[in-house]
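Going by TrEMBL, these are the annotated features:
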- 21-40: transmembrane segment (TRANSMEM)
- 179-236: coiled coil (COILED)
- 369-396: coiled coil (COILED)
- 373-449: domain 'Tyrosine-protein kinase G-rich' (DOMAIN)
- 430-450: transmembrane segment (TRANSMEM)
- 533-654: domain 'AAA' (DOMAIN)
Amino acid sequence: MQPVGSNISIVQYWHMLKRRWLPASVVFVSTVAAVSVYGLRQTPIYEAEGKLRFKSRDSTSALTGLGAELGQLESLDRAENPITTEIGIMRTVPIIRKTIERLGWEEEEGDPYDPNWFLENLQIDLKRDTDILEVQYRSSDSEKARLAVDAIMAVYLEEHLLSNRAEAAAARVFIENQLPAAEQEARRTEAALRKFKEENQVISLDAEARTMVSSLDGLQNRMTDVVSELSDIQAQLNSMAERLGGISPQVSLLATAVSQSRGVQQVLESYQQVETQLATERVRFQDQHPIIVDLETQKANLEALLNERISNVVGSQTGPTNLNLQIGSVEMELISDYVRLDSRLRGLEDRAITLQGTEADYLERASDLPRLEQSQRELERQLEAAQSTYSLLLQRLQEVRVAENQNVGNVQVIQQAESLGGPVEPDQQLFVMSGIMLGGLLALALIFLLEVSDRSVRGVAEARAIFGLSILGVIPSHQKTLRFNPLRKDTETVTVPRLVFGGLETKSLFSESYYMLAANLATLGSGHMAEVIAVTSSVPLEGKSTVASNLAMALSRTGKRVLLIDANIQQPMQQSIFQPWILEPDNCPGLLNVLMGQATSEECIIEAVPNLNVFLAGTGFANYSEAILESQAMKILLERLKGDYDYVILDTPALSLSGSAAGGGALVDGMLLVVRAGLSHGQDSIYAQSLMAQSQKSEKMLGLVVNGVEISELLSWLKVKIARKQFKEKSVSPELNGNSNREVMVSRRY
């Protein structure tokens, strides 16, 4: 709702971008795509390039010294580069015509392309200070350009080779015909030897024989050691079993688990105390006396509970009957040694079995070694003969090729035809850059337009400016929600966490935020025995019920006695929030039943967690008006409850649905207004302020709780270290004073 102007900071610009990234991205991508498509519709001209390298003489001929004078590049005019002559040859009509024929390019009438037209798009340049020719061709089809360059280079190389080659290659052809058969025979023999080694798992038979002898000796020594150790451990186990009464290791483990179970020991201690008290009271009273009967009942209940907890520990409904429930430290150490020796015994037995199997495998392998050695030597002789024949043919082939290569030309293709990365005309990058600039401007304009049109509260600073109240708490957003309609954010589904203190871990960003709120309330406390605080909001779905429940949990965690009253009789939420802690919350009587005289407050107040009681809305009055919350009965009820609790928190309806929260301000010590970022609108704030003004209780408005704030904005606002210090000074709870190590800044931890 804040106007867009020149005073907006960089952080606010960042938040604006995060809120409007989806429509801005659509506009940006659409603009870039449209401009790029327009550029793509222009007829592109592609260029392909290949490179040829020229050498003064053939390198092979130079090394062998045979025919070194053949194929040398020379010019009659020594002042001219002989490569320029080769450029002229490449641009001759015969070369161009052969190139066109190889490409298969024809006119519409079926005639070949005009060589002059081909030459107009062909460019051949000598790279400065090198012996490299750059062959380039331009066409509206990149593939045609590439094929044209490859074709002209191939045709030129063929003509160059034919002009320099003088000797036939009959010997090479003969050897090449014989070479595949020799190679196949060598490969067949190699495959046979490899298959023999793979099937028989052979690496080196000589080394394997030596290793096997030493391994068998080692196995026998290890077997002797294992058998000796087995006998020793078995004797120790028998001795320990006698000392433990003959119980098995499994039973001893169960006895240890039961003795170390805190739950079992607590019940056992209570059971022993009841037995002692029962024995004492029986001296004084008869068996029919109420005290004796009550103690007998306690004993039976404790005995059943003890059996149940023992079953939970041992993992069965009925544990061992002779289980010792209280094991001393000496017996505990003895059981530990007993179990450890049993595990050691089982391991040694498995090792003995493994060693016996390994020894049998070694003996079986040793009996096969002579036969394997004979087969391997025969295959190696065959392989040596085949490789010798193949090597001889291969050597002769290389010699023939050396002689033939003396007449090979001295031109080399060092780069096949490649496209230069895109059309050289028109400049597509210019279109893309223009699209990016235009798309960026339009996206920024859309962001500012949406920000001006959006009248919702978007953050902590705006909430403080709109409502004119101090910020007592900032609650982070639990889940990000994608907004498909940025102009109507009040229609989106709002996801708010329930109890953030539900698990064992309370040092989270959400729990610390509620501790902050509790700390700020403590600094605003009136000093009375109890403080009655109403939690409300401008419109529904802002999370007031969630804030009320978690605030109550935070206060209870500090040692305060807290009562949470669900005063939203039309849409009660606390019964759903505390459902895991309250059995059958939908059938529990509550506030309305007490106000109508159908139940007492003692019957309706439920202890959810230590130090926190919950007073639900009640049942059977779905159509009842919230005006009953301003009745004299409600006032009397609150006055009576103040003496029992440090804090009484009321979850009241939203102001847009009922004005009872503002009108009932006389019944409370203070009010908290919950505002959800991105949901509350300016009209809601005007309506809420008018209701508070009409009720003349605006001075009891303690402040704002901004809900659903992004974590980055929360961390920039929080001053946790100072707030926690103030909260500790205000609190008198021993639990809180004992947790001094929890004074850590949230911004540092998260």
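Cβ from N, Cα, C; glycine included.
Curation plays no part in TrEMBL annotations; they are all automatic predictions.
Note that this is a predicted model, so its numbers are computed, not measured.
Same-chain neighbours of the transmembrane segment (430-450): 4, 16-17, 20, 23-25, 27-36, 38-40, 486-487, counting only residues six or more beyond its ends whose CB sits under 8 Å from a CB of the stretch. Here the domain 'AAA' (533-654) has, by DSSP, the following mix of helix, strand and coil residues: 46 helix, 24 strand, 52 coil. Within the model, the domain 'Tyrosine-protein kinase G-rich' (373-449) carries an average pLDDT of 81. Across the domain 'Tyrosine-protein kinase G-rich' (373-449), DSSP classifies residues as 55 helix, 10 strand, 12 coil.
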